[in-house]
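Here the structure comes first, spelled out in structure tokens, and everything after it is commentary.
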Amino acid sequence: MAALKLPHSPRLIHGRQSLVPFPASTMLFPKPPSSPLSNYSFATSSGFLTRTLALFSPGIVVCKNNSLRGVRGNQSRIRSASVQRVAEELVEDQSKYSLVSGDSIRQRFLDFYASRGHKILPSASLVPDDPTVLLTIAGMLPFKPIFLGKIPRQVPRATTAQRCIRTNDVENVGRTARHHTFFEMLGNFSFGDYFKKEAIQWSWELSTKEFQLAPERLWISVYEDDDEAFEIWHKEVGVPVDHIKRMGADDNFWMSGATGPCGPCSEIYYDFHPERGTADVDLGDDTRFIEFYNLVFMEYNKKDDGTLEPLKQKNIDTGLGLERMARILQKVPNNYETDLIYPIIEKASALANISYPLADEQTKLKLKVVGDHLRAIVYLISDGVLPSNIGRGYVVRRLIRRVVRAGRSLGIKGERRDNLEGAVLPIIAEKVIELSTHIDPDVKIKAPRILEELKKEELNFVQTLERGETLLEKMLVDASSNAEKSGTVPCLSGKDAFLLYDTFGFPVELTTEIAEEQGVTVDMNGFDIEMEKQRRLSRVAHNVVKLAVEDGTNLMNNINKTEFVGYDTLSTQAVVESLMVNGSPVIQVSEGNDIEVLLNKTPFYAESGGQIGDHGFLYVTGGEKQQTAVVEIKDVQKSLGDLFIHKGTIKEGVLEVGREVEAAVDAKLRQRAKVHHTATHLLQAALKKLISQEISQAGSLVAFDRLRFDFNYGHALTDAQLEDIEQLINGWIEASTSLKTKVMPLNDAKEAGAIAMFGEKYGEQVRVVEVPGVSMELCGGTHVSNTSEIRVFKIISEQGIASGVRRIEAVAGEAFIEYINVRESQMKNLCSMLKVKAEEVTTRVEKLLEELRMSRTEVANLRTKAAEYKALMISNKAFEVGTSQKIR
């Protein structure tokens, strides 16, 4: 069949003019060269059929059973044969549509650069290993240490589809065609390999050949002084001069901060309205252009005095917005109506009994908020960020609350089915999870926990919302009434806004939104004063990734990475490569000074994976092997990639750079750490086996005196469950199972079922620690050789530390003996004080508590009688006053 064609006259798409003036012969969805799909489920499930029918017949919508019905009084009736014919015609064009699906665009981008020597790397977590930002806000963020020269590059060039979160402009979500909280940034990166010429040529080839964008619709921006980029675009690529715009530093010079790596950038824009010509073009006009590809040429380092110096290693950092490219290729009015987000909007529309194509702009705005925010929420929870009142957790909580309110204002109400207890977010989130296959496969694995967190948070907030909305409505009426009387602008006082927040838990952001809808402002200065220190609850990620070329870069250039030999030995001969006092390099340090030592190799384990660093000594020997210096090491940290920083104090003698030392780890403390680390693996395995397979690590500490394990779970464990966990772990210990440790490719380890440790970053080769039949984890820590070395395991506490996060503390091995000895000493003291045997302590304490209760009751009764007696004495002294009327 012939593909569907646009009518001769411009038509409205979702209530707007068509994006481009197609001629009468232009096909809306050109017929694909490949064969069509055999069914039309895609057309109805994705919104393809719904939106296309709305284009030609705005009085018709598709029902849940894929039949058609009229809306808003339209009495149209279409025979089922006609429905089938229309659907078949649409499906014949669907294979072409699928070629420009979001999943297809992502894969085509990665394959394009893979064929040009780039290594495809997986997306990093939304929780970055970077203290300067709360969340992963840019595609380049995972490569920041490489750009800084802090760690060596693993590959010369790479390409990724990075999941990102930005909430700094959350208020713009749904109001513009392109703002999102969650988005995917497709990027190609060069680490000192290729530079401008290749980056520019490939970006053009990708755009015009791979994605077949019309060259005449593409515009280029370059930095005003970047003649090199201008010449490449014009002379080598062939872009006309009138399609290249020179722009200032504010637009086209990328800087990481006040100092650090920087450089000019160049952007590619798509023109939706080329008929407007080339005169007086403003690339910032969102009604005409959208920037979809940004190329950053990182070639300078900005110094403290503001001058620029060339970088030794020039890098390429690019970003192509997946949602933006999908909008262009799928020919929809905004990013929300692409197949990446629109199915979520459709789900919400169905629950609200709303037709999105026929909805007014305010309704569409709310549906867009639901579609956008739920993507961010689902992926954040999947990456271990749970709702709370601080940091990342508050980002999730705020987004959930915005979705709940948007849904309620749309009329979406939950049904008490599937144990949802009236929650609606889990129902819509199922669509997000369904669409996650090619974005992050782990989301489907973690789906039960994600849905449970959403349900719990939504139901809790609905109670808050209902209480706060009633009070806020009264406050807004009073504010409007007072303003009308005084002739001023209606304003809700900061004290009232704080009362809603502090007493009812009503978010100030929500107060502001509701107030603005009714034309009332909020006195935020007054609110901030009332809040004082508590006002900094919502700390969102910065919009700039801060980079700085630090002294450590030079240090790394001069010193090779530390060779770790601690898996095989606890002592070795090593050479002092560098010494530092208070962070500054020195040549020699004398007795009594605190010091940081870098060795060429070491048996000391550096803190990572939750395990603390080793303790021990560095010995310097002179003639006849006499000790001339002793350094006590109390901590070991990793820095600048694989440099081990040994922190300690010089107890005797003088230590110099270049001297040979004997590095010796405290064997007893290392054994304690090994025992607790392996016990931690057994604990996680026991929790998964006995409590829930959905349990995942949220943090850990492996110390010499105890272990601590934080995990995602919404309920307190019972005493019986804790006893079962202890019994299972001690059974594994008694089984005397030998551990297996091996190094393998990361993908092979994951396919084998190895569990990744929370917050750790892995290379292509990983170390796998396995307790056969019990657990298998990616882990670089130290472990016992056989479970029997653990000896015994005991849980000493279990508690909640945040919403949905529990913590177990436990002891094992020698630490267990110490724990028991301390408890036994305390029991002996109690027995001595109470004059009873150990087995009689509980009975004696209960008797004392009962005696205390009775004594307190007796005292209370006596105080009551005394008060009554005083009142009687006072009344007896009363006398009458007044003449006409006596008053006693």
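Even glycines carry a Cβ here, placed using N, Cα and C.
Feature annotation (TrEMBL): of 26-60, 411-445, 446-480, 831-865, the stretch labelled coiled coil is 831-865.
Counting only same-chain residues 6+ beyond the ends of the coiled coil (831-865), none has a CB under 8 A from a CB of the stretch. For His783 (Zn(2+) binding site), the count of additional Cβ atoms within 10 Å of its Cβ stands at 25 [all protein chains shown].
Across the residues of the domain 'Alanyl-transfer RNA synthetases family profile' (100-822), the predicted structure has a mean pLDDT of 88. Note on His681 (Zn(2+) binding site): other Cβ atoms within 10 Å of its Cβ, all shown chains, come to 24. Its Cβ taken as reference, His677 (Zn(2+) binding site) is surrounded by 23 other Cβ atoms within 10 Å in the chains shown. Listed in chain order, the residues near the Zn(2+) site other than His677, His681, Cys779, His783 are Lys674, Thr678, Thr680, Val702, Val769, Glu777, Gly781, Thr782, each with its Cβ within 8 Å of the site Cβ centroid.
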